[in-house]
Amino acid sequence: MEHHAPPLPDDIIVQVSAAAVAAVDDRSSTSQIEEVDGGDDDDVKAIVGAGGLTRRTFSESYRMRHRNPLEFTPWQVALLAYQSLGVVYGDIGTSPLYTFSSFTLPDPDQDDLLGILSLILWTLTLVSLVKYVFIVLHADDHGEGGTFALYSLLRQHVNITGKTMPVPVTRLASDANLKFHSKKSSLQPRMLKFLEGSVIAQAVITYLVLIGTCMVMGDGALTPSISVLSAVQGIQSRSSRITQGHVVLLCVIILVFLFLYQRYGTGKVSFSFSPIMLVWFVLIASIGLYNIIKYYPPVLKAISPHYIYIFFAKNKRAGWEQLGTVVLCITGAEAMFADLGHFNKKSIQMAYSCLVYPSLILAYAGQAAFLIKNPSKLSTTFYSSIPEPLFWPMFIVATLSAVVASQALISASFSIIRQSIALGCFPRVTMNHTSKKYEGQVYSPEINYFLMIACILITVGFKGGPEIGQAYGVAVIWVMLITTHLITVVMVIIWQINIALAGSFYAAYTVLEGLFTISLLYKIAQGGWVPFAITAFFLIITLSWTYGRSKKNEYETNNLMDSQEFIKTVAMSNRVPGICIFCTDLMKGIPPIVRHYVQHMGCLRELMVFVTVRYLPVTSVLPEERFLFDRLEPFGVYRCIVQYGYMDNQNMEEDEYVVSIIASLKEIAQNADEVAMMDSALANGSTFIFGRVILKMSDNHNCFKRFIINNLYRFLQKNFRSNLSSLKIAPSKTLQIGIQYEI
């Protein structure tokens, strides 16, 4: 069904002004509804005409800053690399705070510690450096990264039909002409044909994406807890009077202040993050080098993988159970891909390869060298290995760095929810833009306070014990495993890499990350259940919302007003001056809400526009690609589709929107009378019509489906923000029509 679009009223805000409308280019053409060849006939529709859908061009000055590819000088790349330290590397950079101390081996000897170090070195190299820096970073969607970007990239190349998809799917013939829509290759790999022909495979990929994004939310709740706790835990070594309870209390206070300060925006929170992280990396590298020289200079011989074999041969089951803890050294590696949109590939590769990776290697090697001589200090590795004169400076820098790490995941959580709302798979929450310069910087109070409560409960519930580390590892490795599956599909379908090479990559990393995952299953009862609980919470919301919306759209499609009924209804109704804007999810046909409206009002405005906001699986839609128009029957009735990418920001108020619509409609006016009618309607004011739909599932369906629709979906409708919430429309110009759909 081609109408699976997010609710229109949510973001009908176009980045133009009344002055910009005057710059509209004349590209009008009449249009009609036709089906597009390929895919499911019910799912793939297009509005096309002599020159395709009418496209409106707005002033070039409204283009977003990242619309055109930029070429950077080496100096600019280096500057971006420096700036990325405070945004991208807070999480992985602070992993030395807690990685070694999360191991629970009794009386570790030199072979144990060299084996652990070897595992850490190889995991850092293979996963963070080889996989993410050299491979995954190249799977960007026009500069944007993350799980949603991977899915968006696949959606642009794979004709996903959408009937059983939890994420709304629409396709128009004009999509392929968008600037930020990737072009398909003329070659058709077998996997592409398989995916387009297999609804099950498409559903598996979609559910993997949803699970991965929900897992990141779990990561967002765990990162602040473990980072801040590990940073302040060192204060216990200063006095025997300071108990673990005091440490937990201090951690909670820092977390509360961190979350309360989010309302002021990422820019104000993170203005000094890069210098903090630069100092952090220099200090941990210097201390690591000092410890290597002082305690055990040949410690880097752990680069030989035979120490891994010795470790497992000696510890057997105990060693296997410790394998999952190694994952903590790569926490935050996925942030290099997720935050790609703020920088570029070269800057992130430069920062990691030249500073972050060497610093982490020296830090871990120095800690291992210290532990070889002081094995009893395993549980307090980080602060115990710091030279006494540097304790307090490192305590301050470590605490600040932990805040940086927390901020990165909190901001990422806001962005993920924003993208989920844009793609129609999450109910609307408050989303405030905190920066006029950077459109990606957003703040959601509901998500912020949920994460704050979750962090506090995790910190207090586990009393700052090693269980938090176990839970954190589970969240991290699942996201990475899902990325491995998705990137392999990208390799074969989009990059068209030799199937043997892609298969080798998939086998190697699935085995490696699969072993970590299996090892962490032993930790489920020890805290590993936390990320699964958070994932399940967000997944239930996502699936309940999308299922309810799909049933609503299915009902509306089956109960459309046909053209003859609509023409007759208009003819029998009184036409009063003004504009009536019907907000609908449907891109074809007249929604049943019109029938309900006429029955109760008995009249219609002289100019009616059916408006649908459509979110595409692309990063951005250019202003000149924003509007698609169509003339309907009878006279004075039009359809408008407003298109956005998942990273686009919308900030137009009601008057600007109506003026821009009328200015654009004049471009397809056939005569002076039609233009005069539009001017008259605009002068007489406008009304926005929204449907307030209540779904009720009949007893013909099983109790599980009835519970989802009649309870969960209805609860989400009542308690999350309405479609009107994001529109700056005066209450006197809005009208909600309540209607109950029996499904």
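Each residue, glycine too, has its Cβ placed from N, Cα and C.
Annotated in TrEMBL:
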type     : residues : note
DOMAIN   : 80-568   : domain 'K+ potassium transporter integral membrane'
DOMAIN   : 577-743  : domain 'K+ potassium transporter C-terminal'
TRANSMEM : 72-93    : transmembrane segment
TRANSMEM : 113-134  : transmembrane segment
TRANSMEM : 199-222  : transmembrane segment
TRANSMEM : 242-261  : transmembrane segment
TRANSMEM : 273-293  : transmembrane segment
TRANSMEM : 350-370  : transmembrane segment
TRANSMEM : 390-410  : transmembrane segment
TRANSMEM : 447-465  : transmembrane segment
TRANSMEM : 471-494  : transmembrane segment
TRANSMEM : 501-522  : transmembrane segment
TRANSMEM : 528-547  : transmembrane segment
Ranked first among 242-261, 350-370, 390-410, 447-465, 471-494 for CB pairs under 8 angstroms with the transmembrane segment (72-93): 350-370
Integer mean pLDDT for the domain 'K+ potassium transporter C-terminal' (577-743): 82
CB contact flag for the transmembrane segment (471-494) and the transmembrane segment (273-293), at least three pairs under 8 A: no
Other parts of the chain folded back onto the transmembrane segment (350-370), taken as Cβ under 8 Å at six or more residues beyond its ends: 77-78, 81-82, 84-85, 88-89, 92-93, 95-96, 99-100, 113-114, 116-117, 120-121, 124, 128-129, 133, 278, 281-282, 284-285, 287-292, 294-297, 299-300, 302, 329, 336, 377, 381-382, 384-385
Beyond the flanks of the transmembrane segment (447-465) by 6 or more, those residues with Cβ under 8 Å of it: 220-222, 224-225, 229, 233, 244-245, 247-248, 251-252, 255-256, 259-260, 262-263, 410, 413-414, 417, 429, 471, 527, 530, 534
Criterion met for the transmembrane segment (242-261) and the transmembrane segment (390-410) (at least three Cβ pairs under 8 Å): yes
Surrounding residues of the transmembrane segment (390-410) on its own chain - C-beta under 8 Å, 6+ positions past either end: 86-88, 90-91, 93-94, 97, 216, 219-220, 223-224, 227-228, 230-232, 234-235, 238, 254-255, 258-259, 262, 266, 269-270, 273, 276-277, 279-280, 283, 287, 332, 335, 339, 382-383, 448, 451
Sequence-remote partners of the transmembrane segment (199-222) [C-beta within less than 8 Å, at least six residues beyond its ends]: 147-148, 150-151, 154, 158, 160-161, 163-167, 334, 338, 409-410, 412-413, 416, 420, 425, 451, 454-455, 458, 468, 471-472, 475-476, 478-479, 482-483, 485-486, 489, 530-532, 534-536, 538-539, 542-543
